[in-house]
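Encoded as structure tokens, the structure appears first; notes follow it.
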Amino acid sequence: MDVRRRPVKSLSSAKTATAGEPPKSQQQHPKASDALPLPLYLTNGLFFTMFFSVMYFLLHRWREKIRNSTPLHVVTLSELAALVLLMASVIYLLGFFGIGFVRSVIRPSPDAWDILEDDNAINEEDSRREPCAEAIDCSLPPKPKIVHMVPQKALNPKSAFADMMVEQPALAIAPLTEEDEEIVKSVVTGKIPSYSLESKLGDCKKAASIRREALQRITGKSLAGLPLDGFDYKSILGQCCEMPVGYVQIPVGIAGPLLLNETEYSVPMATTEGCLVASTNRGCKAIYASGGATSVLLRDGMTRAPVVRFSTVKRAAELKFFLEEPLNYDTPAHVFNKSSRFGRLQGIKCAVAGKNLYIRFTCSTGDAMGMNMVSKGVQNVLDFLQSDFPDMDVMGISGNYCSDKKPAAVNWIEGCGKSVVCEAIIKEEVVKKVLKTNVAALVELNMLKNLAGSAVAGALGGFNAHASNIVSAVYISTGQDPAQNVESSHCITMMEAVNNGKDLHISVTMPSIEVGTVGGGTQLASQSACLNLLGVKGASKESPGSNSRLLASIVAGSVLAGELSLMSALAAGQLVKSHMKYNRSSKDITKLSS
């Protein structure tokens, strides 16, 4: 008799299965009898017979001991064997009845990120039944073809897994030829500079391989875990990185869909922090179920501020008055605008410190982040000013009044790059069922933590929970400059109860988001793919600058989702629990080699 409990296939679960993940009905757990080669009916019959026979034998023996006044703890060899068989049969039967019964009647408790499945209103909101979503094929895609595969030698040939192919990391490097060996030795001894390998060899991949081998010999440290193959080193030559020896792999997760300005976006996030993508995804779910978020672009202008020095304070002040006079604005603007098709001067602001003058130029830069563009225009203006102010000494093209890659009040107040505000109204039932908290608790915690707490800490632009987490993850995945996360993460998060205290209004104001969709790391294959996913790849031909502005709005919307979810976890006391579940390494660090 077949006593297995067969899982019932559910149509609803099959429909909602995500791509690449089998539905729950198809996820079968191994049974106890799967390890035995006998047919199922024979295995069941064997263990049923064993259980009742051994039980009868033991009860009969114990009855005789009681009659003969023999201690029960004194067992013979046959009784010991019977006990072992009894335990084996009990374990087998529990594998069918006990565990299966528990799985069928006990439902796992919902974790911090799950919405209640029996809530029809939330399920309808979360079903994403929009025109663009209905066209999506939710069936399981075919398994991708795996290249670079080698047989696993350590497997048992008789095992069912012996014929499987497993992917091997690109760690093994082809042996060096005699010519390459000589080059490596020359690099090690210093006869050939490491930085000149690309120009001497004319092969960027070969140069990276030789530099890598030379580095290992010089330091005596292995780079076996750092991949070398599978990267286009020519694409970074003279643009992204010098003297490469490999590349670092960072996993990319997807949060969303983020419903922003009535459009859905799947947000790529490159991170090694567990729970970050899951938390942001929960925020996106809450925003989606509440009707979406709205963003507004307030400003769009990159800055560069050179520092110049004069012999007297008076001369420094004269240049300040000249540049800030509206009647004189057209002259430097004309000189500045000649440097680029897209760079357009928007304004000049000066600050005097003794004999030194700091000149802050602001300009539009199209779809580029624009730091190089504005620097080129500034240099042209400085060269022009030398004719009227020959005693002006240019001390540096950047005097930190910009201010780039540093927390600064000038960016927090005046803005730099894109200044964006994003808001959403989260419904009461969504706050309770998706975010597992309530509106009053969120409003109070936001005031105590993000506003008062940040003020107590003397924060500068840090009136938020973790904006930099989301900004950094999106920046890395889309090829932005990660160092500009410093000023780009300036954010103030506001929350208040609306609609008679039932719903939550949340907003993030970010005055200095510095992003671009052309130049720098955006042209790399992986980063370009992420930009394409968002629909902002490259420069916009119809409206120059619109792609970078949209990317800034998506960053702000993602920060809104991340802030909403983390604050909810804090208000509900779920932060530690979720991080223990999603942000814990399973590796024994004591066994890792240094």
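Positions of Cβ are set from backbone N, Cα and C atoms, glycine also.
Swiss-Prot marks one residue of ASN68, ASN261 with the annotation N-linked glycosylation site, and that residue is ASN261.
According to Swiss-Prot, the listed position annotated as N-linked glycosylation site out of ASN337, ASN583 is ASN337.
Both LEU77 and ALA571 are recorded by Swiss-Prot within identically named topological domains, on the same side of the membrane. It is 43 Å from the Cα atom of ASN337 (N-linked glycosylation site) to that of GLU273 (active site, charge relay system).
If you take the C-beta of ASP481 (active site, charge relay system) and look for same-chain residues 6 or more apart in sequence within under 8 angstroms, you find MET369, LYS405, TYR475, GLU514, GLY520, GLY521.
GLU273 (active site, charge relay system) sits 29 Å from ASN261 (N-linked glycosylation site), taking the C-alpha atoms as the reference points. Non-local contacts of ASN261 (N-linked glycosylation site) by the CB criterion (under 8 A, 6+ apart in sequence, same chain) comprise GLY292, ALA293, THR294, SER295, SER553. Secondary structure from DSSP puts ASN261 (N-linked glycosylation site) in coil. The average pLDDT computed for the topological domain 'Lumenal' (1-37) is 45.
In terms of DSSP secondary structure, the topological domain 'Cytoplasmic' (59-81) contains 14 helix, 0 strand, 9 coil.
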